[in-house]
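Asker: Okay, here's the structure, questions in a sec.
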Amino acid sequence: MARPAPVAIIMGSQSDWATMQGAADVLDRLEVATDVRIVSAHRTPQRLFDFATGAADAGFKVVIAGAGGAAHLPGMVASLTHLPVLGVPVQSRALSGQDSLLSIVQMPAGIPVGTLAIGEAGAVNAGLLAAAILATHDEGLAERLKAYRAAQTAKVADRPS
Ligand code: RP5
């Protein structure tokens with residue numbers, strides 16, 4: 001039987017996918033399987049509850065949660081599972097993601113959410129951070145992550161052209 005994906009990528013809306021694809025793509029490049037789902041804190045609260053309470057038993061090791069606006073998804077998931085939750089503030093139309101960022105980052109002591117940058121950079125870095133967490137127990141993944149970083153370094157020219 002196939003092993004379950006270690007990383008769940010969840011988002012509040014279909015409209016978040018363009019951003020959250022950055023996390024999926026970098027994890028795919030690092031050969032880390034993902035399970036991508038739409039889970040809305042406000043529109044599908046029962047789905048959120050069922051996902052978060054079952055996430056550890058489903059075999060997930062890390063949850064990446066992206067949402068915009070009144071972005072309660074990462075914090076609510078973190079309140080319902082002991083798994084590490086990485087929050088990605090999606091850039092909102094009204095407030096350019098400042099609302100998303102503040103909603104996700106200001107968690108009360110006791111329920112952490114590892115909050116990344118607003119938008120695509122945050123999504124990519126959430127993927128890389130999830131890989132780094134998994135790599136503490138996976139030497140092959142650690143090597144792939146080091147190679148990814150080395151390739152990134154090699155692409156930086158000494159001087160601007
Ligand atoms: C949030 O509201 C979602 O995470 C999304 O970023 C934002 C807007 O959602 P849509 O109105 O585009 O579905 O729940």
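Counting begins at 1 with the first residue displayed.
Heads up, the Cβ atoms here are built off N, Cα and C, so glycines get one too.
Because TrEMBL annotations are produced automatically, they should be read as predictions rather than curated entries.
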Asker: Among R43, R47, R93, which residue does TrEMBL name as a further substrate binder in the site formed by S13, D16?
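Answerer: So, going by the record in TrEMBL, that would be R43.
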Asker: Could you list the residues of the same chain, at least six apart in sequence, whose Cβ is under 8 A from the Cβ of S13 (substrate binding site)?
Answerer: I38, S40, R43, A67, G68
Asker: List the same-chain residues at least 6 positions away in sequence whose Cβ sits under 8 Å from the Cβ of D16 (substrate binding site), in sequence order, or say none.
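Answerer: Expected: G66, A67, G68, V90.
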Asker: Determine the Cβ neighbour count for R43 (substrate binding site): the number of other Cβ atoms within 10 Å of its Cβ.
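Answerer: Taking every protein chain into account, the count is 11.
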